[in-house]
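**Q** One structure follows; several queries about it will come next.
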Amino acid sequence: MSQEFNVVVLGASGAVGQTMIEILEERNFPVAKLFPLASSRSAGGTVSFNGKQVEILDVDDFDWSQAQIGFFSAGGDVSEKWAPIAAENGCVVIDNTSQFRYDNDVPLVIPEVNPEAIADFRNRNIIANPNCSTIQMLVALKPIYDAFGISRINVATYQSVSGSGKEAITELAGQCSKLLQGLPAESKVYPKQIAFNVLPQIDKFMENGYTKEEMKMVWETQKIFGDDNIVVNPTAVRVPVFYGHSEAIHLETIQPAEAEDVKAVLREAPGIELFESNEEYPTAVTESAGTDPVYVGRVRKDISHSHGINLWVVSDNIRKGAALNSVQIAEVLIRDYY
């Protein structure tokens, strides 16, 4: 990777954009020049990169022919407007929104799961980053899927407020502070109080009674695995945790598997840190927050189903669930296609 690339981070003032810039530096991505971009409201500020302060530029004034790789994390409307323009000017867009995920000609990629799909970036010069909850689930399930097959996935998520952005983090902190002082909590980001509470709604409700967040996990799992026969039954829940998503997953495998068989394939899988004993298990706060792996624990045989396996999966939704996965896509892109 001696070649260097001019890199755009669109949404550089947001939590995911800032983390992308940190990870580009941490992983020594070959950046010739970094262009942090944002709306006019956020332009003029700076970000730190490789020991220097780099000015955040106004996306409206940017010449896209200057960049070869663009990381987009500024919302679906922004990606809808700017990704085609960037792509037409030769910038490969790695988009962290849901704008292009379900387009048949746009690859949806988790490098540990389906890196070969990146080859299809040539269709439109756009690669989609999956939803955070899908990413950590499929990193954990890919080795099981390959070894035993999976016919059905039941999953309940416990998703931190950082998945809703900086305003949600501020709202949780503010509500906690007020409630502990005996004052009423005000809710703006969420429909109900999030502090000391759990909300069984993430995103809007669909006609079938599932939320859009839940249906993302269905659609994305089938697309990434290339398997329309796999059945996914999700319930997505927002919990009063700042960083890190957790998932309780029940699988039905095609071939029967014991817990030790599943642990054996997880032990060798990329991107996974396995907790093997019953007494040790990962949590979003104590293990995943601020780290890169997908953590798996509580692996056990389902006592109610002969082909059932249960496991507990946690990961940092801002890192592996968004920024890190995007940078890993770019690493495969420049390694295999440049």
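Heads up, the Cβ atoms here are built off N, Cα and C, so glycines get one too.
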**Q** Out of Asn310, Asn317, which is the one Swiss-Prot records at the NADP(+) site of Ser13, Gly14, Ala15, Val16, Arg41, Ser42, Ser162, Gly163?
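**A** For the NADP(+) site that includes Ser13, Gly14, Ala15, Val16, Arg41, Ser42, Ser162, Gly163, Swiss-Prot also lists Asn317.
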**Q** Out of Ser13, Gln159, Ser162, Asn317, give me whichever of these binding-site residues has the highest number of other Cβ atoms within 10 Å.
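**A** For the binding-site residues Ser13, Gln159, Ser162, Asn317, the Cβ with the most other Cβ atoms within 10 Å is Asn317.
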**Q** Please name the residue among the recorded positions Ala15, Cys132 whose C-beta has the most neighbouring C-beta atoms within 10 angstroms.
**A** Cys132
**Q** Spatially, and counting Cα to Cα, which of the recorded positions is closest to Ser13 (NADP(+) binding site)? Options: Arg101, Cys132, Lys216, Arg238, His245.
**A** Cys132
**Q** Could you list the residues of the same chain, at least six apart in sequence, whose Cβ is under 8 A from the Cβ of Arg101 (phosphate binding site)?
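**A** Same-chain residues close to Arg101 (phosphate binding site) (Cβ under 8 Å, separated by 6 or more) are Leu108, Ala128, Pro130, Asn131, Lys216, Trp219, Glu220, Lys223.
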**Q** Looking only at C-alpha atoms, tell me how far Gln159 (substrate binding site) is from His245 (active site, proton acceptor), rounded to the nearest Å.
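**A** Approximately 4 Å lies between the Cα of Gln159 (substrate binding site) and that of His245 (active site, proton acceptor).
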**Q** Just name the most isolated of the recorded positions Arg41, Arg238, His245, going by other Cβ atoms within 10 Å of its Cβ.
**A** Arg41
**Q** Taking Cα-Cα distance, which of the binding-site residues Ala15, Arg41, Arg238, Asn317 are within 10 Å of His245 (active site, proton acceptor)?
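**A** Final answer, ordered: Arg238, Asn317.
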